[in-house]
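Peer 1: Under the heading Ni(2+) binding site, TrEMBL lists His2. The Zn(2+) binding site feature in TrEMBL is assigned to Cys73, Cys76, Cys89, Cys92.
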Amino acid sequence: MHEMSLAESIVSLVESHAEAEGFSRVKAIWLEIGELAGVEVEALTFSLDVVMRESLMEGAQVHIRRQPAQGWCLACSQAVEVRDRVSGCPLCGSHQLQVSGGDALRVAELEVE
Ligand SMILES: [Zn+2]
């Protein structure tokens with residue numbers, strides 16, 4: 001499962017931050033996940049729950065923010081939000097969209113002690 005390896009890499013990223021910055025517990029984490037990243041949020045939350053056990057993130061609250069992609073519709077010459085790759089422009093339905101961003105997953109914030 002793709003989300004399980006994502007969860008593992010998030011925890012190991014946080015662990016290396018902990019070593020560098022000298023904190024020993026994480027109370028909360030905020031993740032930003034692009035709408036086009038192909039991540040199942042429920043599966044990721046479940047995987048994190050498993051992977052975080054017996055780590056410095058045990059019991060931490062996980063907050064997830066979805067980030068829509070930005071698109072430029074060539075048909076209506078407007079900037080639009082893109083939530084998936086199949087629906088086209090939310091205003092006119094055209095598929096002449098230039099899409100940027102929205103495919104990343106990053107750790108936005110950590111609350112530590
Ligand atoms: Zn359009």
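The backbone N, Cα and C atoms fix where each Cβ goes, and this holds for glycine too.
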Peer 1: In terms of DSSP three-state secondary structure, what is the assignment for the residue listed as 'Ni(2+) binding site'?
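Peer 2: The three-state answer is helix.
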Peer 1: Cys92 (Zn(2+) binding site) to the residue listed as 'Ni(2+) binding site': how many Å between their Cα atoms?
Peer 2: 34
Peer 1: So if I draw a 10 Å sphere around the Cβ of Cys92 (Zn(2+) binding site), how many other Cβ atoms end up inside it?
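Peer 2: Cβ-Cβ neighbours of Cys92 (Zn(2+) binding site) within 10 Å number 12.
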Peer 1: Given the binding-site residues Cys73, Cys76, Cys89, which one's Cα is the least distant from that of the residue listed as 'Ni(2+) binding site'?
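Peer 2: Looking at Cα distances from the residue listed as 'Ni(2+) binding site', the smallest one goes to Cys89.
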Peer 1: Would you list the other residues of this chain near Zn(2+) - those whose C-beta lies within 8 angstroms of the C-beta centroid of Cys73, Cys76, Cys89, Cys92 - in sequence order?
Peer 2: Leu74, Ala75, Gln78, Val80, Gly88, Pro90, Leu91, Gly93, Ser94, Gln96, Leu97
Peer 1: Could you tell me which of the binding-site residues His2, Cys76, Cys92 have their C-beta within a distance under 6 angstroms of some atom of ligand 1?
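Peer 2: Listed by sequence, the hits are Cys76, Cys92.
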